[in-house]
């Protein structure tokens, strides 16, 4: 997992650096830039927990207090899923954009402009986050005694 994480972060960083340059600003590249950022955030946000739990050997310990459990749930389940959802939806935006470019080139000239695509990418990110927002509230963590006995199995 760490090797895959490092390779993916480096590759997506290169993609972001290249596509963020001013002369690379095209409607298609903006969607690809949004996808690269979302994919990178999908991996970056839970990585501190992966490091803490697996690399530092805390997989046998129970998380506590409840605020830590909420942070773990948010950073490993909800927020990465929001970015992953946005990335999948941006793939659909890219497919729709390609459809308009090929099948309706006259419409694509007015609909597939840089400002419109920027707004679309922002809206996709917002709606993806709103789509996952109820997941912040679907889990309740309670304190159980002082510590649970845990054998690591």
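The backbone N, Cα and C atoms fix where each Cβ goes, glycine too.
If you check TrEMBL, you get these features:
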SIGNAL    1-20  signal peptide
DOMAIN    11-153  domain 'G-protein coupled receptors family 1 profile'
TRANSMEM  30-54  transmembrane segment
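In the domain 'G-protein coupled receptors family 1 profile' (11-153), helix, strand and coil residues by DSSP number 111 helix, 0 strand, 32 coil.
For the domain 'G-protein coupled receptors family 1 profile' (11-153), the model gives a mean pLDDT of 88.
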